[in-house]
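In Swiss-Prot this protein carries:
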type	residues	note
BINDING	10, 169, 170, 211, 212, 213, 214, 215, 216, 217	ATP binding site
BINDING	50, 137, 149	substrate binding site
DOMAIN	275-353	domain 'PUA'
């Protein structure tokens with residue numbers, strides 16, 4: 001195995017059911033085994049799972065319901081607990097804990113909620129817990145639509161700072177035409193950018209239980225690749241597919257990342273106008289510039305301006321020189337209160353904390 005990597009695995013309804021009307025538990029057992037093997041080798045695994053609606057339908061005995069949002073939410077409300085219970089039972093066989101995260105698109109669009117979701121997800125990973133993520137279908141409205149969990153998996157990959165995103169489906173990958181109706185269709189092994197020509201070959205879901213098709217997987221791949229994350233669309237029934245992806249073995253269709261996640265993030269930080277400014281002491285200046293360290297509250301001398309958590313701020317030395325730009329973990333009022341204090345005092349001063357640093361080194365670019 002190579003060095004530790006973070007992998008987000010999205011499992012569609014067609015994979016979890018095997019195209020039937022019920023969850024294929026034997027197949028899910030095998031997928032969990034593959035994930036557990038990687039987890040034991042030191043890799044960080046995130047699961048984005050579909051199947052709540054299918055699980056609810058199965059549990060209720062396949063009721064005849066109208067094809068409405070309310071019916072889908074009813075089934076999701078019943079099925080979500082059954083689904084997460086299954087994941088918990090199977091991972092516990094390997095002594096692995098899971099943590100459930102139910103998200104909506106609104107969690108991604110609001111800065112504060114985005115940062116909270118990111119911090120929660122990364123805290124789970126840091127503690128060797130496998131996050132299991134799903135759309136909060138029981139309360140979502142417009143979110144229940146084609147491809148929601150495909151796109152959600154791309155956003156989860158960004159939140160996790162993932163190296164790879166694996167979209168498992170009932171197809172081998174992306175083909176030049178629909179292989180179910182065209183025997184001449186060929187597998188596209190490598191993609192270096194999603195364009196209109198590529199979108200035109202994407203087909204639709206045929207399982208009737210899921211909410212995603214190949215076109216939405218292209219959308220997800222496009223988003224992830226632009227964020228610097230390699231994305232693979234592959235068959236969930238291929239033996240050892242998850243391990244193969246982590247080993248770099250060619251499977252399915254690989255969408256090559258356009259830049260590394262860190263490069264993309266630092267490019268954004270460099271270009272964003274600072275929302276405020278902080279001045280730091282000589283010790284903090286040396287730590288950041290010479291050792292590439294994060295900025296701790298202890299090193300902050302003053303805070304200028306009003307800004308929110310998650311905004312880019314300018315960091316200056318005692319002579320007023322602009323030495324770095326970075327994303328603040330705390331808003332301006334909080335930074336004023338904890339400036340000059342040790343990180344261990346943050347919770348006592350604020351009544352909460354978002355970690356021991358004011359600006360993390362991964363969220364900073366020195367000038």
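Every residue, even glycine, has its Cβ placed from backbone N, Cα and C.
DSSP assigns residue 216 (ATP binding site) to a helix. Using DSSP to sort the residues of the domain 'PUA' (275-353) gives these counts of helix, strand and coil: 28 helix, 21 strand, 30 coil. Taking CA atoms as the reference points, residue 214 (ATP binding site) and residue 50 (substrate binding site) are 15 Å apart.
Residue 149 (substrate binding site) carries a helical DSSP state (H, G or I). Taking each of the binding-site residues 50, 214, 216 in turn and counting other Cβ atoms within 10 Å of its Cβ gives the largest count for 50. If you take the Cα of residue 170 (ATP binding site) and the Cα of residue 149 (substrate binding site), they are about 15 angstrom apart, rounded to a whole number. The Cβ of residue 10 (ATP binding site) has 30 other Cβ atoms within 10 Å, all protein chains considered.
When the neighbouring Cβ atoms lying within 10 Å are counted for each of the binding-site residues (149, 170), the highest count belongs to 149.
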